[in-house]
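For reference, TrEMBL has these:
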- 20-44: transmembrane segment (TRANSMEM)
- 39-431: domain 'Major facilitator superfamily (MFS) profile' (DOMAIN)
- 88-106: transmembrane segment (TRANSMEM)
- 118-137: transmembrane segment (TRANSMEM)
- 143-163: transmembrane segment (TRANSMEM)
- 175-198: transmembrane segment (TRANSMEM)
- 204-222: transmembrane segment (TRANSMEM)
- 285-302: transmembrane segment (TRANSMEM)
- 314-335: transmembrane segment (TRANSMEM)
- 347-363: transmembrane segment (TRANSMEM)
- 375-394: transmembrane segment (TRANSMEM)
Amino acid sequence: MDLDEAFLYIGEFGCCQKRLTAFLTLLQVYVACQSMLIVLVGAVPEYLIDNEDISASKEEYTKHLHDTNNFTSIVSEWHLIKNEAYKVNLASSLFFAGLLIGNILFGPLSDKLGRRPVYLSGLFFDITFGYCTALAPSYEVFAVSRFFVGIMNGGMALVSFVLTQEYVGKSYWALTGSLTNLIFAVGIAFYALLGFYIRNWRTLAFVANSPGIFFFLLSFLLPESPRWLYSHGYTTEAEGVLQSMAVGNGVERPVVKLKSCPGTSSKSAHSVFDLVKYGVLRWRTILLMYIWYVCSLVYYGLTLNAGELKGNLYLNVALYGLVEVPAFPLCLYFIEKSWSGRRKATAGFLGFAGFACIFTIFLPETNGDLLNPTVLALFGKLSVSAAFNVVYIYTSELYPTVVSIQGATCGRVLQCSCVLLIKRHGVIKVI
């Protein structure tokens, strides 16, 4: 039998795969906390200067500066105001620059060395550098640690997403992909809740990083991807993983015997260049890169802007996470309908997100309670989150297994590049 037939035999989404998928999707809570850390840790508190005629030097501002908030941040600790204010955005940009590098490095590495060892290594160093962030004695150490957290967090998250797809049958790729993005949104709200109760930025960074230890220890129970093993010629090992899954799914006396994967050996190599080597894949890649870029621009533009809105900081961050939750059932409904599917669903959600964001320009901020720029921006966030959900799934389905992670890598690289553009040019001022 081939691999897809084997999944039908052992169960495409049995008890064993549900446990594995639940674990990897819950990991997104940790990923979200690291991704959104700077929104609260780098928040600018309200402050008073008791002498407006002082010189512009940092030392003089420090002497006459008084915080009026009940929370601390890197701004209040290292006085990152006036001429030093750019350092907050710099730290955020370094994180996303690391995310870009991590996605470039971890994709090919996981193809060559296997999903499991690369994922475990990334998670271990993610936790290590996360604690360096919380204990940083200076801004310079903080910024460098955020860069390395970005490398590990981005690469590890990419490989964990691919694992959620490769542990299950094709019929459930949409479900597992959507669950991953849903839990990421819940993770944003969870981080806002942590920030509401933990007002010291070092304690917040420490607590937000600590769940990683739990996930790291349990990750040793994860098997290697049977799809990676099979596509690289490790047929016997793939059969062993599938039989273990069959036992976990309650299949009695499972016997899994796979055919040799045609045209593939354990020494075969695939790279990102495979995405443009063939005409069909080349056009798919170009179109998907543009779609990923658009999704990232709107999604992160709205998400990172949550800390800049008026009102309660923690409520704003939580709302910008929770508003994504309805995107999950919407995605599952539309992408499984024959009259909609992946392509039309992506176009429709992107269209709604675009119109919502454009109309925010023409509405005054005091335009009532139901129709104002903030409400429209939240609707745009919901729509673009739904589009992002579909694009994640669509990308993995449009490529063969041997280059699927390269396609996801390419999209994630565009995602990180777009966030760097946002941070560099201030595009997040959309409302």
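Glycine too: its Cβ is placed from the backbone N, Cα and C atoms.
Ranked by number of Cβ pairs under 8 Å to the transmembrane segment (20-44), the listed stretches 88-106, 118-137, 204-222 are led by 204-222.
Below 8 A, the CB atoms of the transmembrane segment (143-163) and the transmembrane segment (88-106) form 3+ pairs separated by six or more positions in the chain.
Within the same chain, the transmembrane segment (118-137) stays apart from the transmembrane segment (314-335): fewer than three Cβ pairs sit under 8 Å, each pair at least 6 residues apart.
Within the model, the domain 'Major facilitator superfamily (MFS) profile' (39-431) shows a mean pLDDT value of 81, rounded to a whole number. The highest tally of CB pairs under 8 A with the transmembrane segment (175-198), across 88-106, 204-222, 314-335, 375-394, is held by 314-335.
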